[in-house]
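Enquirer: Submitted below is the structure of interest, expressed as structure tokens.
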């Protein structure tokens, strides 16, 4: 079957939502053929470069939200809890990031949103990091923020703000009830209004439909997220979705390919759950994605850095530093 999707996309002819759902669900369209189309687009915009990102879990487990995927949810009785870490620990993480060719360092806090004191703590730390590592991009992920807090983060040197949509608007209330889909969209838009690069992505494998998956990709196109992390559910015992099966590696590849075709110019990152869902097919994901998280995630482990570097080298790709 001749797809010709890449040429259409490169000619600025966007796929429609109905087309995308049909392509995604069509069993006659081979996953590797679809991936090759995505690779043509990825190569056009990013060549063989791979961006590296690293996470610091700066505050853990102190959260009143009931997100069904999260081991830090209010529903979880047993979880790792600690308040916002000292500035020196955050700075040490920045040093580690620089030493490991990481381009973006992500400072993440649990909870609905930060207090003004916590924002000041982060801002002071970021200002110090930028003096020593001016080339290191700083991404903050602090939850739902206020306008004045966003202005402070921008002034301190925060380059990017992550706030994932996580799922489709239709499926949102199955995932969390303590905040709305609109809350998430508004947070992303507020960061854009304050000239902070928006990072927003998804978690696939929470029981959503194929239509939901495609809706997510189009929603992210609509809000114009610069960076799109694609997480695959890593089920955690005790959470609402803890008993769900992992996605198949081939479905994961199909998802990543569709996100690339729908958001051709964006940084697309394979993120949490990639190791357990993609398994031995992880390297193939970089035919569509151009970015990965290196090291551990918030409360689940990643594979050793050396394996990620080897994967990139074996593909004939190179780190985008």
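Even glycines carry a Cβ here, placed using N, Cα and C.
Annotations for this protein, taken from Swiss-Prot, read as follows:
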| type | residues | note |
| --- | --- | --- |
| DOMAIN | 45-271 | domain 'Radical SAM core' |
| BINDING | 63, 67, 70 | [4Fe-4S] cluster binding site |
| BINDING | 106, 139, 199, 269 | [2Fe-2S] cluster binding site |
Enquirer: So if I measure Cβ to Cβ from residue 106 ([2Fe-2S] cluster binding site) and keep only same-chain residues at least 6 apart in sequence, which ones fall under 8 Å?
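Expert: Spatial neighbours, sequence-distant, of residue 106 ([2Fe-2S] cluster binding site): 53, 54, 55, 56, 139, 140, 141, 162.
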Enquirer: Which of these binding-site residues has the least crowded Cβ, counting other Cβ atoms within 10 Å: 63, 70?
Expert: 63
Enquirer: Tally every other Cβ atom lying within 10 Å of the Cβ atom of residue 269 ([2Fe-2S] cluster binding site).
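Expert: The answer is 26 other Cβ atoms.
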Enquirer: Using a 10 Å radius around its CB, how many other CB atoms surround residue 67 ([4Fe-4S] cluster binding site)?
Expert: 22
Enquirer: Around the [2Fe-2S] cluster site recorded as 106, 139, 199, 269, what other same-chain residues have a C-beta within 8 angstroms of the site's C-beta center?
Expert: 53, 104, 141, 160, 162, 227, 229
Enquirer: Using C-alpha atoms, which one of the binding-site residues 63, 67, 70 comes nearest to residue 269 ([2Fe-2S] cluster binding site)?
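Expert: It is 70, whose Cα lies nearest.
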Enquirer: Go through 139, 199, our binding-site residues, and report the one whose Cβ sees the most other Cβ atoms within 10 Å.
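Expert: Neighbour-count leader: 199.
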Enquirer: For the C-alpha pair, I'd like the distance in angstrom between residue 67 ([4Fe-4S] cluster binding site) and residue 199 ([2Fe-2S] cluster binding site), rounded off.
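Expert: It is 19 Å, counting Cα to Cα.
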Enquirer: What Cα-Cα separation, expressed in whole Å, is found between residue 70 ([4Fe-4S] cluster binding site) and residue 199 ([2Fe-2S] cluster binding site)?
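Expert: That comes out at 19 Å between the alpha carbons.
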